[in-house]
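The following features are taken from Swiss-Prot:
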SIGNAL    1-18  signal peptide
CARBOHYD  Asn48  N-linked glycosylation site
CARBOHYD  Asn71  N-linked glycosylation site
DISULFID  Cys272-Cys282  disulfide bond
DISULFID  Cys281-Cys340  disulfide bond
DISULFID  Cys309-Cys372  disulfide bond
DISULFID  Cys313-Cys374  disulfide bond
Amino acid sequence: MQKLQIFVYIYLFMLTVAGPVDLNENSEQKENVEKKGLCNACLWRQNNKSSRLEAIKIQILSKLRLETAPNISKDAIRQLLPKAPPLRELIDQYDVQRDDSSDGSLEDDDYHVTTETVITMPTESDFLAEVQEKPKCCFFKFSSKIQHNKVIKAQLWIYLRPVKTPTTVFVQILRLIKPMKDGTRYTGIRSLKLDMNPGTGIWQSIDVKTVLQNWLKQPESNLGIEIKALDENGHDLAVTFPEPGEEGLNPFLEVKVTDTPKRARRDFGLDCDEHSTESRCCRYPLTVDFEAFGWDWIIAPKRYKANYCSGECEFLFLQKYPHTHLVHQANPKGSAGPCCTPTKMSPINMLYFNGKEQIIYGKIPGMVVDRCGCS
């Protein structure tokens, strides 16, 4: 009986020291810990997002071989930008892609052939400079995108000035060749006849795929072309060297090429949104807005989905990376551990002005995070 009384006294003493157990207090402490963890994760993601944006600026300038962003005003862009239908369609295409809120399938369609449009503007030619009577236009240099892919379409676009009365226009495209013994410096490419009504000028396209393919096979034969568009009175209506008020009406080439696929499938990574509570390495959405940067020199896209990686790389989830796991096991204090980083990236196509106020179309590699992982 005395032993039982002693146990009761001890039990009551322990309750007095420990105090009452408040279940609500324990729940609040647990909730505070969870909230603190979520806040830390949000802060970590925000830092990763800011770092990604700054890295994108540096990467674009570096990959375009630009020391600084070209300083071109919006007014200058309006004057220099070609006002032709295919370029407008290309810009509209970027707008459609931008407005599409869906991120597409998680599976890359690298198996199917993709078609790309390349807009090539005329440049200076040493041969044209040597010709005594300066021809009316045009020399085109071709990027590696055109040289190393299959050309499926090539259109020369020219702008015809408006006429005051109905007239028939005879359009002639001539290819420059090295002077022959009889003095001939041209050979015909295409000719066509079209009727024009009074009013605004028109854009006219001419198929030059065969000529372009010959130039690609024999680059030394590419000496330039001459463009003529004579009305019934012998007036040339073709804009070859734009006069004041004709900005953006230069001739140009629209070339469509097929890009050969390299892979068919890829494995998957985690995709999250900004409200996700996922702690593991994950891909998060990030939209880059070039207008917010003040980068008006980028014609298209004005914004694009770049994405970024954030999250923890716990060794519990590293069955896929046995080498990293073994290194950590051998020297846990000396190894920094894996980081959440892009494991697959894809390019973006871009229309932009370079430092010489020339319009360039190019593909910039490694600008979109497609997948994140621990490595």
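The backbone N, Cα and C atoms fix where each Cβ goes, and this holds for glycine too.
Here the features listed in Swiss-Prot are placed on the structure.
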residue : record                      : DSSP class
Asn48   : N-linked glycosylation site : helix
Asn71   : N-linked glycosylation site : coil
Cys272  : disulfide bond              : coil
Cys281  : disulfide bond              : coil
Cys309  : disulfide bond              : strand
Cys340  : disulfide bond              : strand
Cys372  : disulfide bond              : strand
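Measuring Cα to Cα from Cys340 (disulfide bond), the recorded positions that fall within 10 Å are Cys282, Cys372, Cys374, out of Asn71, Cys282, Cys372, Cys374. Listed in sequence order, the recorded positions near Cys313 (disulfide bond) (C-alpha within 10 Å of its C-alpha) are Cys281, out of Asn71, Cys281, Cys372.
Least crowded of the glycosylation sites (Asn48, Asn71), judged by neighbouring Cβ atoms within 10 Å of its own Cβ: Asn71. Of the recorded residues, Asn71 (N-linked glycosylation site) and Cys374 (disulfide bond) place their C-alpha atoms 39 Å from one another. Proximity to Asn48 (N-linked glycosylation site), judged by a C-alpha distance within 10 Å, picks out Cys309 from the disulfide-bonded residues Cys282, Cys309, Cys372, Cys374. Neighbours of Cys282 (disulfide bond), defined as other CB atoms within 10 A of its CB across all chains, total 21. Listed disulfide-bonded residues near Cys372 (disulfide bond): Cys281, Cys282 (candidates Cys272, Cys281, Cys282; Cα-Cα distance within 10 Å).
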